[in-house]
Amino acid sequence: MTNFYTLTRTELVEAAKEFKFIWLTLFFVILGLTQPLITKYMDVILENVGGADGITIDPNRPVPSSAEVLLSTISGQFNQIGLIILIISLMGLIAADRNSGMQDFILTRPVSLRSYLVSKLAGHWIISMFSISIGAVVSYVYTIFLFGSFSFSNFVLFLLLYSLWILFVVSLAILISTFVKSPILIAVTTIAASIFFILIKGFNHLLFQLSPGGILNLAENQLLSVHDLNYFSIATCLAFISLNLSWASRNLKKA
Amino acid sequence: MNTDMSALLEIDWPQILPFALPIIFFNLLLIGVALYDWYKRKVLIVSPYIWLVIILLLQLLGPILYLVIGRRMIRNDYSREAS
């Protein structure tokens, strides 16, 4: 698949030229640093920063375990403001190509629509996971430094499952950018849809477990070391990703 | 953004610095990347000095907004009108 390889490499080179590797990584590192530090030093911060007279923190409060801190970093920071920034960085992935005419240029070459879309998916997934992995590893190091040890293999397993969720988000952005023309609208719609999927995964029903957000449940349970896990949601997540891609290619063929 | 600068003097710096240092360092690095790119594209982009203010004053979000949106908004961009 040489077409696929060339197109993916182009995506990566373009991202490197736009400093995307640098700033997305820095952003996730800052996000990952902030949460464990604030959780650990909340009382010091409240004492030292003005305007907090009269607020006391119970000195006997339970110290959160490292798994809980990691979970709050991921589901509180990475999955909310991190996801929003990630999607904003993804919003031009098809729209910019279409508006500059590059898409027509590529598709008049002997390049199949499928390898074009899959290369978009793979390229942006690699960029996102590069940044998120570095941010998550920094957060992990700080968490075990401040709160005690946590098994690294569980963390890696978590990161692998989380990468599937990111893959789904990228494929969702591709699908929505075949419907909508303007990049800002693409970002807003994708953010709304993925937050909807994050909300829906909380309901404890089989139907909601099989929604694409179920993979996120599975990933978070890796951190909490719950045992009876529903590994079936890996398959449904992959099915949703391929559904998104085939729908997107059908839309592009029609247009 | 908190404008009350006198609070900064009351902070017990030696106590808070060791763990605030990495956050400040990475923030400055991010602002540095954005400023480097802004300096190179100053003559190209729309309203560069507004973007300078945004980069310098909005903590963490400003440089990212510039790098995602600001650097693509180019003066005399005919490709948008054609489409």
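A Cβ is built for glycine as well, from the same backbone N, Cα and C atoms used for every other residue.
Record features, source TrEMBL:
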- A:21-38: transmembrane segment (TRANSMEM)
- A:78-96: transmembrane segment (TRANSMEM)
- A:117-143: transmembrane segment (TRANSMEM)
- A:155-177: transmembrane segment (TRANSMEM)
- A:184-203: transmembrane segment (TRANSMEM)
- A:229-248: transmembrane segment (TRANSMEM)
>> If we skip the immediate neighbours and take only residues 6+ beyond the ends of the transmembrane segment (A:78-96), which ones have a Cβ under 8 Å from one of its Cβ atoms?
In response: 20, 24, 27-28, 31-32, 102-103, 120, 124, 128, 132, 135-136, 166, 169-170, 173-174, 177-178, 181-184, 186-187, 190-191, 194-195, 198, 216
> Going along the chain, which residues at least six beyond the ends of the transmembrane segment (A:117-143) come within the CB cut-off of under 8 Å?
Replying inline: 3-4, 7-8, 10-12, 15, 20-21, 24-25, 27-29, 31-33, 35-37, 66, 69-70, 73-74, 78, 82, 86, 90, 93-94, 150, 152, 155, 159, 162-163, 166-167, 170-171, 173-174, 241, 245, 248-249, 252
> Who are the long-range neighbours of the transmembrane segment (A:155-177) in its own chain, taking Cβ under 8 Å and residues 6 or more past its ends?
Replying inline: 70, 74, 83, 86-87, 90-91, 93-95, 117, 120-121, 124-125, 128-129, 132-133, 136, 140, 186, 189-190, 193-194, 212-213, 215-216, 218-220, 222-223, 234, 237-238, 240-241, 244-245, 247-248, 251
> Near the transmembrane segment (A:21-38), which same-chain residues lie under 8 Å Cβ to Cβ, leaving out any that are not at least 6 residues past its ends?
Replying inline: 15, 45, 69, 72-73, 76-78, 81-82, 85-86, 89, 127-128, 130-132, 134-136, 138-139, 142-143, 146-147
